[in-house]
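Visitor: Before anything else, here's the structure in question.
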Number of protein chains: 2
Amino acid sequence: MSNSIKLAILGLGTVGTGVINLINDNLDELKRRSGRDIIITEVGTRRQRDDIDATIIQNSDLMATAASDNVDIVIEVIGGTTLAKDVIMHAIKHGKHVVTANKALLAEHGNEIFAFAEAHNVHVAYEAAVAGGIPIIKVMREALAANKIDWLAGIINGTGNFIMTEMRDKGRPFADVLQEAQELGYAEADPTFDVEGIDAAHKLALLASIAFGIPLQFDKVYCEGITGITLQDVNYAEELGYRIKHLGFAVRRDGQGNADAAGIELRVHPTLIPQEALLANVNGVKNAVLVNSHPLGQTLYCGDGAGAGATASAVMADVMDLVRVLGSKDRDDQNNTGHHVPHLAFIPEQLSDTPILRAEQMTTGYYLRVHAYDSPGVLADITRILSDAGINIDAILQKPAHKVGQVPVIILTLPVVESQMNLAIEKIEKLDTITDKVVRIRLDELE
Amino acid sequence: MSNSIKLAILGLGTVGTGVINLINDNLDELKRRSGRDIIITEVGTRRQRDDIDATIIQNSDLMATAASDNVDIVIEVIGGTTLAKDVIMHAIKHGKHVVTANKALLAEHGNEIFAFAEAHNVHVAYEAAVAGGIPIIKVMREALAANKIDWLAGIINGTGNFIMTEMRDKGRPFADVLQEAQELGYAEADPTFDVEGIDAAHKLALLASIAFGIPLQFDKVYCEGITGITLQDVNYAEELGYRIKHLGFAVRRDGQGNADAAGIELRVHPTLIPQEALLANVNGVKNAVLVNSHPLGQTLYCGDGAGAGATASAVMADVMDLVRVLGSKDRDDQNNTGHHVPHLAFIPEQLSDTPILRAEQMTTGYYLRVHAYDSPGVLADITRILSDAGINIDAILQKPAHKVGQVPVIILTLPVVESQMNLAIEKIEKLDTITDKVVRIRLDELE
């Protein structure tokens, strides 16, 4: 076939090797779909590898590969935010299209990278950066392009979902499951990015930008991990018909007439959701994103959020899109952004400065676990405080005392602004009958 | 904004009106994403409407609107396979891009329509033709473009899914629920297309073509509806951990060394699937498609499969894709198929002639309900016949007699070629102890 497409892969870890394997396995499908030959001409790798086809140049100078005349598309799968950034900027400068799976880099430096790419009339594609093999970037940028997106909620960290699933299914405590996840290779030796929600926050920043047409604002994502979730809370939630999942939310709030309350909530936190919701039944390392948009309504996208095969699938989907760009007649003059999808879904000059709300401004339902001495009137005191703060109780569960004289009271509330809840909890904790800090977990009906 | 895009809508029923409403509601989003103005210049409608903006030309001559100089993209939402075909061919002939939601037309005449479009260098987009607002066409043609698709299974008829859901949830018989579906407007006055699986078969033909790169072959889809499903079978299935859903399957079989058995299964039928599968928990009028591909693995796409908003969302996603095509610099010479997605995902000369298997060649598990006199040895007779035919039993359930002396025996089998099962059932029905025809429903573990 004419006009072969020349790829460079920078980094030969799990994902880089997965891309090579995919091309070996599916070259016939790739050619039948694109009408072009797809060739890896060069790989950037520090260490020479003897398991790579001899026709592929192995170059330990990654910057040279990123700028090579022998390359149309540069695939960056090194990871990290230093060398990866350098090679991407270098590739862009030399007119190469870039495909990357690097969520941390884009969440933190995406505005700069995309602007640089636009200035050089090339594209930086990043389907693999969010939810692995689930094509959520393409879906939101293209398939939902005619919708106004109201909110999205996603299980976007497989390790966290694995841990929450095992805790519930097997009744195992957090630390125990985390150790298994590390042994299985799902969690890193340093699991901070996964269990503290930072990885999810990176992905949420990307999703929110393409949902609402706002610049990337990773630093404004409210982020809460799963390290504080106990089996006790998992079980109470189930008893009340809910399940605790670690979710990322991006929500557009119109402020209901109050301009100060209008803006976007970006938050990552454990959340009680109804057991019967499909999202509650996405288990193990699977990822899923639920998008609510007008006029489409709710759509759900589910699949593997990590792993060599899923990530390679997303990387090569981006390559196939770029093959069409490279196949256009005006290849020599690529200043034709009119027919390409904008990096952040909306054209750059149309990105909006809608404010990101602070945590205290965010509105969610709550699960509260309050420990009190079993004295008359304690329930009346708590409910009066909540009522005075304008907080509506949706359900209440008082369990028999598990220590002598002490009973946990579980309360589910309707949505309330966090600042209101903060004040109410402060008052509850000052009651003489309350023996511990109030445990709170957010709750969402996904409606 | 410069370069406005001019749309014509042919047909002002539910969907056409939905498209007008979407553009009214979301024009700002459409402009922010595309950088272009989107204008409805003309509508084709037999009956003049006074609720349409006065700037829009209303034309009762649909052929004239399809060819109008005042139009870039023609949206066909008339339905049917006669006038709809004429206006689409006419629009193509006049160099218009076409967007259609017409599954019946494409399933039956798509090969001809797409070839005509390719000859005229225009595109016929059809996201809305399958699974309504779920972007399954874009996902399979673009997002999974680097994968080899092994099989897909889909709930692709909302009416059928509503009926199956109500039967299970409320224990209501088929006829009763069908009547309610008609009253709710989910089912047509003549529900044949929905309950006999023909509508699902239309959609399956489209999905199979873009999954495997084969021409459209609606006439070869094996098609079984839900009219024969009884509450008794719904309940037995649940008891055994399965749920009956009406599904469309497209499966690639390599024949395992037997060339005669290699080919593609296209089938629509009620199916027992495991209760814990996400697909089993897609309820009511929702649609969902599960795709198994290499190297990605399983991904699931779920949402509204019908309705004005969902369909308009898909129609306008196609329009947004075409806006980029129209925005390309080589707009005057559109013979640049190199950078467009092929109609059937694979480039036309690469479509394959892989045979479609006949029903007798198809391989699935089975649920069997056998009614027998409760005489010694009857179970031994049945299981021996199955065993002799090489059919493995996965589960068996013998319920107490519901008529005097008669007991239903429920048997679940592992996958077997249908011709084998036909022979076995023939033998079972000849046993003296068997009192009725054997009821069979296919079963799939979705693995």
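Using N, Cα and C of the backbone, Cβ positions are placed for all residues, glycine too.
Sharing the features that TrEMBL gives for it:
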ACT_SITE  A:Lys203  active site, proton donor
BINDING   A:Leu10, A:Gly11, A:Leu12, A:Gly13, A:Thr14, A:Val15, A:Gly16, A:Thr17  NADP(+) binding site
BINDING   A:Lys103  NADPH binding site
BINDING   A:Glu188  L-homoserine binding site
DOMAIN    A:367-446  domain 'ACT'
Visitor: For the NADP(+) site (A:Leu10, A:Gly11, A:Leu12, A:Gly13, A:Thr14, A:Val15, A:Gly16, A:Thr17), what does the 8 A shell look like? I mean other same-chain residues with CB within 8 A of the CB centroid.
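Guide: In sequence order, the nearby non-listed residues are A:Ile9, A:Gly18, A:Val19, A:Val77, A:Ile78.
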Visitor: Per DSSP, how many helix, strand and coil residues does the domain 'ACT' (A:367-446) have?
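Guide: Secondary-structure breakdown of the domain 'ACT' (A:367-446): 24 helix, 30 strand, 26 coil.
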Visitor: Would you count the other CB atoms within 10 A of the CB of A:Gly11 (NADP(+) binding site), including those on all shown protein chains?
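Guide: There are 25 of them.
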Visitor: What is the average pLDDT across the domain 'ACT' (A:367-446)?
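Guide: Here the mean pLDDT over the domain 'ACT' (A:367-446) amounts to 90.
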Visitor: Across all protein chains in the structure, which of the binding-site residues A:Gly13, A:Gly16 has the highest Cβ count within 10 Å?
Guide: A:Gly16
Visitor: Drop a 10 Å sphere on every Cβ of the binding-site residues A:Thr14, A:Thr17 and tell me which sphere holds the fewest other Cβ atoms.
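Guide: Comparing Cβ neighbour counts within 10 Å for the binding-site residues A:Thr14, A:Thr17 gives A:Thr14.
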Visitor: Please tell me which one of the recorded positions listed here (A:Lys103, A:Glu188, A:Lys203) sits closest to A:Thr14 (NADP(+) binding site), measuring Cα to Cα?
Guide: A:Glu188
Visitor: Between the Cα atoms of A:Leu10 (NADP(+) binding site) and A:Lys103 (NADPH binding site), what distance do you get, rounded to the nearest Å?
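Guide: Each residue's Cα considered, A:Leu10 (NADP(+) binding site) and A:Lys103 (NADPH binding site) end up 16 Å apart.
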Visitor: Within 10 Å of A:Lys103 (NADPH binding site), Cα to Cα, which of the recorded positions A:Leu12, A:Gly13, A:Val15, A:Thr17, A:Glu188, A:Lys203 are there?
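Guide: So the list reads A:Lys203.
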Visitor: Could you work out which of the binding-site residues (A:Leu10, A:Leu12, A:Val15) has its C-beta surrounded by the smallest number of other C-beta atoms within 10 A?
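Guide: Each of the binding-site residues A:Leu10, A:Leu12, A:Val15 was scored; lowest Cβ tally within 10 Å is A:Leu12.
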Visitor: Do you know offhand how many angstrom separate A:Val15 (NADP(+) binding site) and the residue listed as 'L-homoserine binding site' by C-alpha?
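Guide: So the Cα of the residue listed as 'L-homoserine binding site' lies 16 Å away from that of A:Val15 (NADP(+) binding site).
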Visitor: For the residue listed as 'L-homoserine binding site', which of the binding-site residues A:Gly13, A:Gly16, A:Thr17 has the nearest Cα in space?
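Guide: Of all the candidates listed, A:Gly13 is nearest in space.
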Visitor: I'm trying to understand the geometry here, so how far is the Cα atom of A:Leu12 (NADP(+) binding site) from the Cα atom of A:Lys203 (active site, proton donor), in Å to the nearest whole number?
Guide: 23
Visitor: Test of understanding: give the count of other CB atoms lying within 10 angstroms of the CB of A:Lys203 (active site, proton donor).
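Guide: Total other Cβ atoms inside 10 Å, all chains included: 28.
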Visitor: Using a 10 Å cut-off, grab the number of neighbouring Cβ atoms around the Cβ of the residue listed as 'NADPH binding site', all chains included.
Guide: 26
Visitor: Any idea what DSSP makes of A:Leu10 (NADP(+) binding site), helix, strand or coil?
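Guide: In three-state terms, A:Leu10 (NADP(+) binding site) counts as strand.
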